[in-house]
């Protein structure tokens, strides 16, 4: 079907199948649509709310057009959020990825520049001295040798440049805000995915099933796209094609409730200071606890099922300063 027919289908309020969505997003990523067509399409999908098939199709097109990453055959994970929760916190997922790697897990973190906060994953890593523009081969080498690598979205999904001016002009959430975590070019075995709105938990979970994720968690923590300690975290666990929904409280991690305010971050330089202190075992207790809770859930994907024990192990590990050594090694690639 031609793009125009697919667009017409959207304009008339009809949804697209996965294959139709893949075809349309292929056209977008390959620069075959005008800015006006892209804008109209994004708004049509926003007004009706994109369904699982449409999101899965957009993910498929993104991965088909992505720069290739030499995928390892050992199990590895991604921990990544949509961003856009408007909370301006420290970089929790980035810290958790480094901590988990220094404890023996393998993490290929997909990330980008800031969406709505002052400091996205690549912003803070750059401030920490990490080269976010390494080649896929160098990134793979880091994953092999130190257990963690960072895949900069703009480097792998260059076709998204066709959408950038439209997204900037629209100034509103679109389907592209929810694609990021789902389009890691390394195609991880496991995923811990944070979403900025509670209603996205179900959408994401169903999309993860459609994408045949082996084992994933989708989380929304009382306004955060992370596991929260200031309130409840809504969770969807996707395993072998089935979804289980539940909530987690700070008590489930053996931790006390703490304020969201205690996680406020700042510019990349400020967040880099917070992360350095944390990884050296000298950070704020609230930062350590939040990263421990998120890392604990990430480790569960690797078969470490006891969240409270995981938290204790992470907190002890942070005090050892070994996580900072992993960060220092990451800066050498």
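A Cβ is built for glycine as well, from the same backbone N, Cα and C atoms used for every other residue.
Just so it is clear, the model here is predicted, and its values are computed rather than measured.
Residues annotated as 5-phospho-alpha-D-ribose 1-diphosphate binding site in Swiss-Prot: 81, 84-85, 89, 91-94, 109-117, 121. Counting only same-chain residues at least 6 apart in sequence, those with a Cβ under 8 Å from the Cβ of residue 112 (anthranilate 1 binding site) are 83, 120, 121, 122, 152, 153, 154, 180.
Under the heading anthranilate 1 binding site, Swiss-Prot lists 81, 112. In the three-state DSSP scheme, residue 112 (anthranilate 1 binding site) is classed as coil.
For the recorded site, residue 93 (5-phospho-alpha-D-ribose 1-diphosphate binding site), the DSSP three-state label reads helix. Per Swiss-Prot, the feature Mg(2+) 1 binding site maps to 93, 226; the stated evidence is sequence analysis.
In sequence order, 42, 174, 176 constitute the residues six or more apart from residue 167 (anthranilate 2 binding site) in its chain with CB-CB distances below 8 Å. DSSP classifies residue 167 (anthranilate 2 binding site) as helix under the three-state reduction. Annotation source Swiss-Prot lists anthranilate 2 binding site at 167, citing sequence analysis.
Residue 226 (Mg(2+) 1 binding site) falls within neither a helix nor a strand when secondary structure is assigned with DSSP, and so counts as coil. Here Swiss-Prot flags 225, 226 as Mg(2+) 2 binding site, drawing on sequence analysis.
Within 10 Å of its Cβ, the residue among the binding-site residues 89, 93 with the fewest other Cβ atoms is 89. Recorded residues residue 225 (Mg(2+) 2 binding site) and residue 81 (5-phospho-alpha-D-ribose 1-diphosphate binding site) have their alpha carbons 6 Å apart, per Cα-Cα distance. Annotation: 110 carries the greatest number of neighbouring Cβ atoms among the binding-site residues 110, 113 [cut-off 10 Å, Cβ to Cβ]. Between the CA atoms of residue 93 (5-phospho-alpha-D-ribose 1-diphosphate binding site) and residue 226 (Mg(2+) 1 binding site) there is a gap of 8 Å.
In sequence order, 93, 181, 193, 194, 195, 196, 225, 226 are the residues near residue 81 (5-phospho-alpha-D-ribose 1-diphosphate binding site), counting only same-chain partners six or more apart with C-beta under 8 A.
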